[in-house]
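Database features (Swiss-Prot):
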COMPBIAS  486-508  compositional bias 'Basic and acidic residues'
COMPBIAS  588-601  compositional bias 'Low complexity'
COMPBIAS  610-621  compositional bias 'Basic and acidic residues'
MOD_RES   Thr176  phosphothreonine
REGION    476-508  region 'Disordered'
REGION    521-559  region 'Disordered'
REGION    578-621  region 'Disordered'
Amino acid sequence: MASNKIIGIDLGTTNSAVAVMEGNEPKIITNPEGSRTTPSVVSFKNGETQVGEVAKRQAITNPNTISSIKSHMGEAGYTVEVDGKKYTPQEISAMILQYLKKYAEDYIGDTVTQAVITVPAYFNDAQRQATKDAGKIAGLDVKRIINEPTASSLAYGLDKKDKDEKILVYDLGGGTFDVSILELGDGVFQVLSTNGDTHLGGDDFDQKIMDWLIDGFKEEHGVDLSQDKMALQRLKDAAEKAKKDLSGVQEAQISLPFISAGENGPLHLEKTLSRAQFNQLTNDLVERTKQPVLNALKDADLTFDDIDEVILNGGSTRIPAVQEMVKELTGKEPNHSINPDEAVALGAAIQGGVLTGDVKDVVLLDVTPLSLGIETMGGVFTKLIDRNTTIPTSKSQIFSTAADNQPAVDIHVLQGERPMAADNKTLGNFQLTDIPAAPRGVPQIKVTFDIDKNGIVNVSAEDQGTHKKQNITIKSNSGLSDEEIERMKKDAEEHAEADKKKKEEVDLKNEVDQELFQVDKTLKEVKGKVPEDDIKKAESARDELKKAKESGNLDEMKAKKDALNKVIQDLSVKLYQQAQGAQGGAANGQPGDSQQNGNDNGNDDNTVDGDFKDVTPDDKK
């Protein structure tokens, strides 16, 4: 019989860890080699699959070794080929998860089938789906996907449930950097904002040392070690060791005998790297982490004075220069009470305990990293869920058709921060068909966005008249890449003014279209009920607005629109006065037949015109 325990897994880019609740405390489970973390590396050799330290030791010398597969999670079409067989990132990740699962089972003494797995805060919908799929392949029922900084805060906050605090989590791992602002209070953990750099981590610090060693050796001996795979493997191991040593000592000795051979025999590499030199080599990497911290604070609408605690997470935060920079930037001494390599897995185990009921009075509220919405009339991106909204969440809005007798609508689902649909990322498209024939603006189509506890998106559209419904779950091949998230955030900042102007232009054109449509409808209704001169005056004002629209001159469009509005208002007043006169002349004071104001089209004021494509029966499949 399988254990009911839910293990917590930190599936990292460079290293992974697994933990489980024992009593009221989370505990890291050591791997068969006695280490508390396991390298996220898989190698294939002689038909055998190897995971962890043994695979890492052959990362460069064995071409069938795969590292940092996490950076490709959710990437559509990406595969690695080994001995003629192609593997997806989910399959490689599943091999790492299976290894963690196996030694967790050995420790617990029972079969494990359930897990909570962590992901970087910036992982999008596709990447979260891919992580869940990897768990399924590994034989795990993934009960929850949670953000890494959130998990580490959960580990930190377990003993501080009676405190109300705002926490900044600085998470510098092997391959990614995340910063999150969280609020703790009454056992509730709420993420206020997230930010980061998805291509920055400890591997970059190792590479700086490797480049320094390679350049120095080439200058001294005229030999380029970057062309020698065996030498590169030794350099990589030595660079990582030197980096770790420099967290505790001022100088690191790097000794690699027989690293290469020259005309006069074997060549040896002997170097001393001081902490000051290391800081100089890696200063640009440390500086790159500052802006995401400032961005996260800005998104949370906070200052450093509002922050109560600063937590360091990820093995790379052991670097003294990183700790010093965080202290200077925030003005606060970072909290070192949690092992930065283990905090995420511990937090995941606590979340597992919450789900099984072993841990009580703790609620975890995560957020969605980017805004979600659909394309509406004029190519506008209409947001339904803003970024940094707490999940799980659901939001609905009523939309309508853009043409008379429109039989179907296309729902274009988007993710991003720009006002225009074309500048954001398409997540998916689906169609709602068999809409009864009706004038534009009459059908009421309810679009609903649901984001579940794992951050996975479901979108539905329902015709409120027929209750016909269509929906889509965003699949993993339609998500954003890390670069796209960063590009979209930067684009949103750089093009803010131009975007605002473009959106105002589209909004005005949409208003003009709606005005012209409504005026034509009103003029038909009042014909014969008001003087012909008034009708002609309104038609003339309408034609002037049409000309202004064709010219594209925004100022002229505004002026002509206002002029037409005034004419129609005057027309409505006369119609109303005539109706009152008819009412007064009715027998025994009975009301006469009053005409509705021509500007009432029977729509809710909050209804948004959708840019829904007209689909003829021939187009339907």
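Including glycine, each Cβ sits where the backbone N, Cα and C put it.
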DSSP residue counts for the region 'Disordered' (521-559), split into helix, strand and coil:
32 helix, 0 strand, 7 coil
Take the region 'Disordered' (521-559) and find every residue of the same chain, 6 or more past its ends, with a Cβ under 8 Å from one of its Cβ atoms.
439, 504-505, 508-509, 512-513, 515, 567-568, 570-572, 574-575, 578, 595, 598-599, 601
Neighbourhood of the residue listed as 'phosphothreonine', C-beta criterion under 8 angstroms, separation at least six:
Thr13, Ser71, Pro120, Tyr122, Gly196, Asp197, Thr198, His199, Leu200, Gly201
